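Worksheet for the structure shown next.
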Amino acid sequence: MSDTEENPLEESRESGEMEEEKEEKKEEEEEEEEGEKEKEEEEEEEKGKEEEKEEEKEEGKEEEKKEEEEEKGKKEEEEEEEEEGKGKEEEKEEEKEEEEKEEEKEKEEEEEEEGKGKEEEEEGKEEEEEEKEEEEKEEEKEEEEEEEEEKEEYNPSFEEDALQQSLTEGSLSWEESQEDGEGLEEWVEKEEQREGEEVRGEEESEVRGREEEEGWEEEKSGEEEKSEESERSKERGGEEEGQEKEEAEHEGEREEGREEEEKEKSVEREEEEEEEDTETTETKAGRAKEEKKEKQNKTALVDNIVISHEPPRSSSSLADSPEVSQIYKDNSMKVDDTEEASQKPEDILAQGKDEARLSLEERRKLFQSKGLSAEESLVSVSTEDTLFQKEEDSKVYPLSMTWSFGWNSSLPVYYMREDRRVILYTCAHTAIMYDVVRNTQYHLQGHPNIISCLCVSEDRRWIATADEGPDCLIIIWDSFTGIPVHTIFDSCPEGNGMRSIAITRDSKFLATISDSATQKVCIWKWTLAVETPACTLELPKEYGFQDNLVFNPANNKELVSNSKTQAIYYCWFEDKGILAHSAPVLTEKTFNKLVGKFSQSVFHLKLPQVLSATKEGKLVVWDIHYPSSTSSSAISAFPFIKPRKLVHLQKEAITVLMTIDSYIVTGDIKGNIKFYDHTLSVVNWYSNFKLGAIRTLSFSKTIPSLPTEKSNLPTDCTLRGDLFVVRNFIIGTFDATVYHMTVDGTKLEKLFVEPRDAVYAVSCHPYQPLIAVGSVCGMIKVWDFEKKVYLFSRTFEKGLGVQCLTYNPEGALLGAGFTEGTVYILDAMSLENESPEPFKYSKSSVSHCCFSHDSNYMATADVNFTVAVYMVVVKNGQRVWEYLARLRSHQNSIQSLLFGVHLDSNEPRLLSLGKDRFLIEYNLVKSCKDHLDVLDVHRTDQGNYPTCMIWYPPLTKELFLLICNSGYKVKLFNATTKMCRKTLLGPAYGSPIEHAQVLPVKSTLELQKRYLVFINKDKVGLQILPVDGNPHKTCAIVCHPNGVAGMALSYDGRFAFTAGGQDRSVVQWKINLGALEAAVSLGGEDLTPFYGLVSGGREGKFYRELEDYFYYSQIRSQGIDTMETRQVSEHICLSELPFVMRAIGFYPSEEKIEDMFNEIKFSEYVETGKLIDKINLPDFLKVYLNHRPPFGNTMDGIQNSFNVLGYTNSEGKKAIRREDFLNLLLTKGEHMTEEEMIDCFSTLFGLTPEGWKSEPAATCINGPEICLQKELPEEITAEIFTTEILGLTLSDSSEQLIQ
C-alpha cells in the first residue's frame, strides 16, 4: 500500500488514542459526580424519614382531637335530652340504656377502624420500601449499561459520518459535538431522576387521599344504620368532622407545596452547579473557540440548555445590507431543533413540567425568549414560489377582487421571473403579478389613487409603486410574498402625487419626481423606515415637465431625468445633504442640426456619459465633468454635464432607451428593437415582426447561458459574425399588446392583447359564464370569467368606439351602441352582424341599450336626449330587425332606459328616466313607423335629480320602481300610479348611486332575501333589501379611483364586474353575502342602528329634544290654553308631523311633506286596507332620518341658490335685490301668499312670540305689523340671508349650519 493509503489509518489510530484519554477523564469525572449524587440521595432519604415521622405524629394528634370532639358532642346531646325529658323520667332511662349500648358499639367500630388503618399504613410502608429497592436496582442496571457503552470498541466509520455531518451543517467540530452530546445525556439522566421523585411524591399523596376517602365512606355507612335522632346528632358531628378533614387536607396540600418548593430550590442548585462545571470545562477549552462559535452560530436559551444552530440565509441579496436588515432584523432568528426534539421526547416532557412549576413572571420571560428565537419573518424565509403558493384569503370581505382584465399601457411591464414567465403591470390602482404559465394573478392592493409610476430592483425582489392624487402613497412591496414592507405617507404634500420613480441597483435608495406644478426631486432611504426624504430639490418650471428618472447603475449617487426639452443630471452628496444638478440648455444651434424632443435618458455603460434619445431618431451624448481636487471655485465644486455630440441613429422616433449587460437597447415607433455596443455600433436588431410602437422593454434577470451545439442563436452584425447572446425579454407596445421574446430560436409569443382606449361597456351572458367588454378603440372582447380565458373578439373599423353593450334575455344576441351613433345587433357567439346593415339614426353617442323580455323590441338612448325603438318583423318567413321610431322626449341627459311587463297582458312596457326629473312611459302598442307614442309623464323629484332606475324585486304585494337620486335617497314609486310610496336613505359613500342592479338568485329559496349591487363615482357596493335606512345593511369598496363607467352581474349572482372607463380595465369582484350579513348582525337590531345616525345617540341632547318636541306636539293638538285633563299617548296625529320636523331643524317643502303623509298613510293599506293617521316616536325617528338631508343643512346649498338667482355685486359676491327677493318668494316654486310671507318674517324677526299660526289655540286679535322695507337690507347675500334673516350659525369645523 502507498503512503497515501496509510495516512488515514494512522490518523484514525492517533485520534482513537486521543479519544481514549478523553474517555478516561470523563469516567473519572462521572465517578466523582456519582459519589456526590449518592450523598445527596442519602440526605434526601433521611429527610424523607424525618418527614414521615412528623406526619405520623400529626396523624396521632388529629385522632386525639377527633375523640375529644366526639365526647363533647355526646355531652351536648345528653344535655339536650335532659332539657327535653324533664317530665318523662321513664323515657330518659330507656334512652340512656340505648345510648350506652350505641356508645359501646361505636367504640368497638372505632377500635376496628383504627386497627385497619394501622394495618394499611404498615402495608403502605412495605410497598414504598419495595418500590425504593426496585428503583435502586434499575439505577444500577442503567449505570452498568452506560459503562458497557463507554467500553465499546472504536468505530472509524462513525467518526467519518459525524465529520461529514459537521462539515455539511457548518456546526462544531466532531469532538466538541460529542462533548455537547454527552452533556445533554447527563442532563437527561438528571431530569429523569427528578421526574421519578416527583412521580413518587404524587403517588404517595394519592394513596393518602384514598385512605382518607375510604375511612370517610365507612363512617358514613355506620351512621346510616343508627336511629333517626342519633342520625341528626351524627350529621352535625359529621359536618364538623368534614370541616376538620378539609382543614387537614389543606394543611397537607400546603406541606406538599413546601416540599415542591424545596425540590425546586434543590433543582436550581444542581443547575447552578452544572453551569459552574460547564464554565470550568469551557475555560479549559479556551476562550478562542467560544469567540469563533459566537460569530458563526447563534444560541437559543431553552430551559438552561444551550443549543447552537446555524442562522438561516436570507433569500434576498440585501441580507448583508445594514439598512435593509433593519426591516426584518428582529424576525430573522429561528431555532431549528426539530431533530433534537424528535430524539429526546423525555426532554420535552421534563421541560413542560419544569415550566409548570415556574412563577408567572418566569413563565412570561421564558415564553418571550422562546418566541423571539423561534419567530421568523415571512419576508426573510420566503422564496420566489411563495407568492403563488398562498392560500385564498378567508371570506371576511363582502367584495374581493379576483381578476383584472386590462393593462394600463402608459406604464411599463416588468419581467419578474423567467421560469414561469411572471410579469408585473398595473391596472387602475392595483399592481398585478401575473403568472403566464399558471394563468393566475396576485393583486398588490393598497393605493387610493391610480398608480402613476412603478419600478423594480435589479434582483426583482423589491417593487416600488406610487400614485397620483390626494393622500398619495409610495409603497415598497416584497415580490416574493406580496407584503408591503414599507409605506411612505404624505410623500407629496401638494396632493398631486408622483410622476416618476427609480430605485438604485443595490436597492438602498429610492428617487421620485412629483407631479405638481413645481416639481420636486426627492431621495428616500426607504430601508430605514423614515417618512421624510433624505434630500429634496425643487426644479424650476423652465426645465419642463420631467417624466423620466434613472439611477446610474455604477454609482447610486448619480441620476438623470428629462422632459421633452431638458435633460438634468443630478449628483447626491449624502454627507452634506445636497443634491446638485446640471441642466445645460440645448438648442438647434448647439449642433447646427434639429435635435427633436427627448424621450428617455440613460447612463453610458463604460464611459462617464449620459445618453438622451429623441423623437427624431437621434442620440445626444453628454459628458460628465467631475471637479478636480485642486479646483477652488464654487462653480466647479460639483459635477456637471456638457453636450458632446449628436448621433443620428435612425429616421424613426426612439421611444425606449435602456442598457442591459454590454448593450445599449432602443425601441422605436415602428416596432423595431435595436442593440448597440458601447461605441454605438449596431450589433443586432429585430424589425420583421410588425409590432406596434414600442412602449416598454424588460429583460429577464437570468443571465443567458453559453451557447451550445443545440443553440439556435442569431449572428450579430459584426465582421466576425459572433453569436448574438442576450437575455430573453418582454415587449410592451402602445396598442396594449404584450409579447415574450425567446432569443434562442427568435421565438415571439403574444401573451395578451388588451384595449388601448377607455372601456365603458360591459355585459354578462344571461346563463353562461361569459362577459363581453367593449372599448372606445372599437374592440369587443369576450372572456370566460370562470376559467379566465379569452375566447374571441372583434375590432371594428376606425372611428367606431363601443359605448354600450347588452345581451338579450335568450343570450343569442348582443346589442351594441357606438360613440358616433351607430347601433349594431350582433350574434352573441360569433360577433357577426345579425342584421345586414347597422342602424344609423343618431348623430351622437348611444349611451343606453336594452331588450324587452320577449326579445321583440330593442330600445336605445343617446346623449341628445333621444329614445329610439327597434322591433322584430317577419319577412319572407324570417325574423328581421327594423327601425320603429325615435323621440326626443327629455330636456336633459337620459339616466336610465328600462323595459318592463304589463301584468294584465304580458306585453312589454318601456320607460325612460332623465336628468330633467321626468319619468316617461311609452305606449308601444300605439306606436308606429316614425311615431313613438307617450303614455304618461311624471316628475320624480323637486330639487335633486334622478341617477338610475330599476324594477324593485317582488318582496311585497305591491310592484315598485326603485329610483335613486343625487341627494343620496332611494325612492319607491308605485309601478302603476307612479306615486312616491317611500323615501329612504341610500348608501352615502362620497357620491350618490349612479347605477344599480338586483343580484340574481340561484334558486327559488333565495327569492325572499334579495340584494342590490350598485356603483357610484368610484366605488362598488352591496345593499341588503328591503332598504330601510339602516347604515349597516350596505358596504362599498373603491374599484376605480378615476371613475366607474359601467357594471354587470354574473348570471348566478356570484360575481360583479366594473368597467373603469379611462383606466382601460374591467375588474371582477367575488361577492360574499355572509360577511355583509355578519356586519348587519353586529350593528344591532330595531332602532339601535338608527340611534347612531343622530348626534349624541339615544342619550344625546338632540334625541332628548326630539322627545320633548314630540310630546309637546300632543299639547298643541289639544290646545295650549285648554284647562281640560291632558291625554298623553305614544302617537301624534299626522298634521303635527311638519311642525315637529321644522322644530328639530329639518325644513321640508310642501311636496316632501305630502310624500311623508303618503308614506305613512299607505304603509299598511295593501295588507289591511286601512289608512294610518298617526305615528309613534320610533317611526317618526325613521321618517326623519330617511327624509332629512344626509349631511345636514350646508352653506354650499344656499350659496348655489344665490349663484343661480343672484347677480355679482361690487364686492364680487352673488346677491339678490330686496324687491327681487320678495318677488321670488311670491311667484316662484312653492310660492307663498303675501300673508304667509309676512307672518314668516314676523316670526323670524321675533315679532310673534307665540310662533305665527302654528299654535292653533293661540289668539291674536290684530295681525303683526311689519315693514319689510325697513327690516330687510337692500342687497341680500347668502351670508346675510343665513345669519341675519334665518338666524343660523356656521360651524367652525365644517360648513354645516347650526340652528
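Note that Cβ sites are derived from N, Cα and C of the backbone, with glycine treated the same way.
Annotation comment: Swiss-Prot describes 17-45 (among others) as compositional bias 'Acidic residues'.
The compositional bias 'Acidic residues' annotation in Swiss-Prot covers 91-162 (among others).
Annotation comment: Swiss-Prot describes 176-189 (among others) as compositional bias 'Acidic residues'.
Under the heading compositional bias 'Basic and acidic residues', Swiss-Prot lists 190-199 (among others).
Residues annotated as compositional bias 'Acidic residues' in Swiss-Prot: 212-228 (among others).
Marked as compositional bias 'Basic and acidic residues' by Swiss-Prot: 229-257 (among others).
The feature compositional bias 'Acidic residues' is assigned by Swiss-Prot to 269-280 (among others).
Marked as compositional bias 'Basic and acidic residues' by Swiss-Prot: 281-297 (among others).
The compositional bias 'Basic and acidic residues' annotation in Swiss-Prot covers 331-351 (among others).
The annotation repeat 'WD 2' is assigned in Swiss-Prot to 534-574. The repeat 'WD 2' (534-574) scores a mean pLDDT of 94 in the predicted structure.
Swiss-Prot lists 585-624 with the feature repeat 'WD 3'. The helix, strand and coil residue counts that DSSP assigns across the repeat 'WD 3' (585-624) are 4 helix, 19 strand, 17 coil.
Sequence-distant contacts of the repeat 'WD 4' (643-678) (same chain, six or more residues past either end, CB-CB distance under 8 Å): 553, 584, 586, 590-591, 593, 595-596, 599-607, 609, 611-623, 684-687, 689-697, 699, 703, 724, 726-727, 729, 731, 733-734. Here Swiss-Prot flags 643-678 as repeat 'WD 4'.
Panel annotation: around the repeat 'WD 9' (881-924), residues 825, 834-835, 839, 841-842, 847-854, 856-873, 930-942, 945-951, 959, 961, 963, 973, 975, 978 of the same chain, lying at least six beyond its termini, place a Cβ under 8 Å from a Cβ of the stretch. Per Swiss-Prot, the feature repeat 'WD 9' maps to 881-924.
The repeat 'WD 11' annotation in Swiss-Prot covers 981-1027.
Among the features that Swiss-Prot reports, repeat 'WD 12' is placed at 1033-1071, with the record citing sequence analysis. Non-local neighbours of the repeat 'WD 12' (1033-1071) in the same chain are 397-409, 427-429, 448-450, 469, 736, 754-769, 771, 773, 775, 785, 804, 986-987, 989, 994-995, 997, 999-1002, 1013-1024, 1027, 1079-1080; each lies 6+ residues outside the stretch with a CB under 8 Å from one of its CB atoms.
The feature repeat 'WD 14' is assigned by Swiss-Prot to 1169-1209, with sequence analysis given as support.
Sequence-distant residue pairs (6 or more apart) of the repeat 'WD 3' (585-624) and the repeat 'WD 11' (981-1027) include fewer than 3 whose Cβ atoms are under 8 Å, leaving the two stretches without contact. Each residue of the repeat 'WD 4' (643-678) gets a DSSP state, and the totals for helix, strand and coil are 0 helix, 23 strand, 13 coil.
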